[in-house]
Amino acid sequence: MYPQNLAPIPELYVSYDSAQKLKVEAADLVSHDLTPRQICDLELLMNGGFNPLKGFLSEEDYDSVVENMRLTDGTLWPMPITLDVSESFADSLEIGQDIALRDQEGVILGTMTVTDRWVPNKAREAEKVFGADDDAHPAVNYLHNKAGKVYLGGPVTGIQQPVHYDFRARRDTPNELRAYFRKLGWRKVVAFQTRNPLHRAHQELTFRAAKEAQANLLIHPVVGMTKPGDVDHFTRVRCYEAVLDKYPQSTTTMSLLNLAMRMAGPREAVWHGLIRKNHGCTHFIVGRDHAGPGKNSKGEDFYGPYDAQDLFREHEAEIGIEMVDFKHMVYVQERAQYEPMDEIADKDDVTILNISGTELRRRLSEGLDIPEWFSFPEVVAELRKTKPPRSQQGFTVFFTGLSGSGKSTIANALMVKLMEMGGRPVTLLDGDIVRKNLSSELGFSKEHRDLNIRRIGYVASEITKNGGIAICAPIAPYATTRRAVREEIEQFGAFIEVHVATSIEECERRDRKGLYKLAREGKIKEFTGISDPYDVPENPELRVETENVEVDNCAHQVILKLESLGLIAGQ
Ligand code: PPS
């Protein structure tokens, strides 16, 4: 008999032969192409990471999870695992129908029998699960702006795991980890969840946790979806590999977890605990501000720094994994070691050093020193490779404003000034140029405008990712679309929104292309500012007034802004 944490855990996969048969039969099924987040969820549903779930939640279970953190049978489960789809797809289905769940290349991963279909109350989900209906929370933003309107629920039949081409040897299913622990005779295992590179404080924390629990250590980083803006997982895994050498090989291992985090703080900590229990662990580290989403739209923290520990403690027995809690770890210079802040008795007599995540990002982006007491040179070198100083990174300047506001003219002037400086390639994605080359089939309906802006955003994000400068100058009238583009680009570099704030009266007075006249006469429909809305940017990085101001001066204001953000610097 194995100890309970090491016995095999149920999976949703069918046998190899049945899977081959199902694959053929599934050719006749209606397909749903999974989103990246759904692929992560499905993988953990199928491999037992989300045990005891047997599929995407039914409506009743969803309601119960949202309200009480429990399935209808009373089992503790804090996170709604739902299959969100578009209204049109949902409408095309019959209850009881089987659908094929496919990855983005069309490869079938599983099937689902649709038992439930409903329109969720997303505001309630946001309030109950994430603590606030505030789009500054990444998962609430996802819920309202990315997730489909309708949820489908039903049991899943697993056919095959999603294929990962990266770090294959480092990925393990719950059963693979359990088997590994059995093989090594590891009875007690403490898991460390992370979405950040490991620095010395983390290492100390994990050493202490392993000692405290008298357990082996599993470093279990998330490589699915984390918080927008995080260091990409390729870089992080290279960093982890560098740090792994500093742990005793016989007591520590690392495995990558393809989880899509929600940054739900307290509920997320409980969820992470359940997932680690399923992966064969007996202990779980919960530190300060576990899975914290950052600040809300009022600039306050969504959760208290130890809320996650409190909720975990309340449910610890039921989760079935012991919490190893830690307060904030800081470096005590006189003793040359890390200590939990609350255990330092002589606080007033020693020098306490700490570098916050924000400070680290600042030092990296400005190419400043990162001391050895803070991190390992190998980790810093990896981070510097992916995050060169800001003045060498790509970025996007995104002009927005009414037709005729002067966007293109200022954008052109800016381009020339940047090209004069040299150093990075510059691409201009002007409204008219894009409509000719990228979006020639599109009109000016909301749908088409969104598509147009998303295309521009996509190209700009690629340019930014590869170290270039993208200057965009569409009208981009809708705030939600601008926000989506911002998020896409900010994964790779800075996004500078410049509102060209020429008033509608002035644009109409100038009427360079004669379009306002035609719009007034009703000869052009859905004309921005006349018969179609323009959401004035609330917090652009820069607002330029053009009335009685030279174009050169407007472009220069942008240059000064870029300089103040550290994006251009002396060579
Ligand atoms: S959008 O809304 O961002 O997709 O618009 P954009 O791609 O920037 O295209 C705007 C240019 O198209 C011309 N045009 C119109 N603009 C607004 N509304 C309507 N209905 C419309 N029909 C044609 C107009 O010349 C815009 O150019 P700019 O350079 O902005 O003046």
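Glycine is no exception: its Cβ is also placed from the backbone N, Cα and C atoms.
Bear in mind that TrEMBL entries carry predicted annotations, made automatically and left uncurated.
TrEMBL lists 9-160 with the feature domain 'ATP-sulfurylase PUA-like'.
Residues or ranges marked as domain 'Sulphate adenylyltransferase catalytic' in TrEMBL: 171-385.
Annotation comment: TrEMBL describes 393-544 as domain 'APS kinase'.
SER408 (ATP binding site) has a Cβ environment of 20 other Cβ atoms inside 10 Å. Residues or ranges marked as ATP binding site by TrEMBL: GLY401, LEU402, SER403, GLY404, SER405, GLY406, LYS407, SER408.
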**Prompt:** DSSP three-state call for SER408 (ATP binding site): helix, strand or coil?
**Reply:** helix
**Fill in**
Model confidence over the domain 'APS kinase' (393-544), as mean pLDDT, sits at 95
**Prompt:** Whose Cβ, among the binding-site residues GLY401, GLY406, has more other Cβ atoms within 10 Å than any of the rest?
**Reply:** GLY401
**Message:** Counting Cβ atoms within 10 Å of each candidate's own Cβ, which of the binding-site residues SER403, SER405 comes out highest?
**Reply:** SER405
**Prompt:** Quick one: which residues besides GLY401, LEU402, SER403, GLY404, SER405, GLY406, LYS407, SER408 have a Cβ within 8 Å of the ATP site's Cβ centroid, in sequence order?
**Reply:** ILE475, VAL500, THR502, CYS507
